[in-house]
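Pulled from Swiss-Prot, these are the features on record:
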- PHE21, ALA55, PHE56, GLU57, THR79, VAL80, ILE81, PHE112: 5-amino-6-(D-ribitylamino)uracil binding site (BINDING)
- ALA84, THR85, ARG126: (2S)-2-hydroxy-3-oxobutyl phosphate binding site (BINDING)
- HIS87: active site, proton donor (ACT_SITE)
Amino acid sequence: MVFEGHLVGTGLKVGVVVGRFNEFITSKLLGGALDGLKRHGVEENDIDVAWVPGAFEIPLIAKKMASSGKYDAVITLGTVIRGATTHYDYVCNEVAKGVASLSLQMDIPVIFGVLTTETIEQAIERAGTKAGNKGYESAVAAIEMAHLSKQWA
């Protein structure tokens, strides 16, 4: 037997957690995610968005959303751009670990849509220019994974 999710979001309830730090990028990721959800049939009133200060704070609110029983999937969006210190490494590692851990602990998909880039140009490219919009891609993944995970409910 082959299991796969389909890309119809009708009837799905989705939570989105967005880091405000680098908002000029994360707002574009959010726009892409909202566009992706709506284009695939998720109703606007079935989407809740929570803004957090930065990427490091994403896992806590994603956990609260995922454990609420209200959502079929949670999308995490943020942008971490390497600077001159090791702060980048700590933030990236902890956010990735936090979201990955939630994905395994929760009964719903928690999608990692956090950009971790070396340069601001790379972040801009992934927020809707040359390299597509990772927010949109995260929305599509959330829809597919929500349906796929329900096959084992």
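Just so you know, glycine gets a Cβ as well, placed from its N, Cα and C.
Shown on the structure are the features that Swiss-Prot records.
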| residue | record | DSSP (3 states) |
| --- | --- | --- |
| PHE21 | 5-amino-6-(D-ribitylamino)uracil binding site | coil |
| ALA55 | 5-amino-6-(D-ribitylamino)uracil binding site | helix |
| VAL80 | 5-amino-6-(D-ribitylamino)uracil binding site | strand |
| THR85 | (2S)-2-hydroxy-3-oxobutyl phosphate binding site | coil |
| PHE112 | 5-amino-6-(D-ribitylamino)uracil binding site | strand |
| ARG126 | (2S)-2-hydroxy-3-oxobutyl phosphate binding site | coil |
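Geometry remark: THR85 ((2S)-2-hydroxy-3-oxobutyl phosphate binding site) versus PHE56 (5-amino-6-(D-ribitylamino)uracil binding site), CA distance 16 Å. Of all Cβ atoms in the protein chains displayed, 23 besides its own lie within 10 Å of the Cβ of ARG126 ((2S)-2-hydroxy-3-oxobutyl phosphate binding site). Sorting the binding-site residues ALA55, VAL80, ILE81, ALA84 by the number of other Cβ atoms within 10 Å puts ALA55 first. In space, HIS87 is the closest of the recorded positions ALA84, HIS87, ARG126 to GLU57 (5-amino-6-(D-ribitylamino)uracil binding site), judged by Cα positions. For the residue listed as 'active site, proton donor', the number of other Cβ atoms no farther than 10 Å from its own Cβ, over all displayed protein chains, is 12. In the shown protein chains, 29 other C-beta atoms lie within 10 A of the C-beta of THR79 (5-amino-6-(D-ribitylamino)uracil binding site). With a cut-off of 8 Å between CB atoms and residues at least 6 apart in sequence, the same chain places GLY19, VAL91, GLU94, VAL95 near PHE56 (5-amino-6-(D-ribitylamino)uracil binding site), listed in sequence order.
For PHE21 (5-amino-6-(D-ribitylamino)uracil binding site), the nearest neighbour among the listed recorded positions (ALA84, HIS87, ARG126), judged by C-alpha distance, is HIS87. Of the recorded residues, ALA55 (5-amino-6-(D-ribitylamino)uracil binding site) and HIS87 (active site, proton donor) place their C-alpha atoms 12 Å from one another. PHE112 (5-amino-6-(D-ribitylamino)uracil binding site) is surrounded by 21 other CB atoms, counting those within 10 A of its CB over all protein chains shown.
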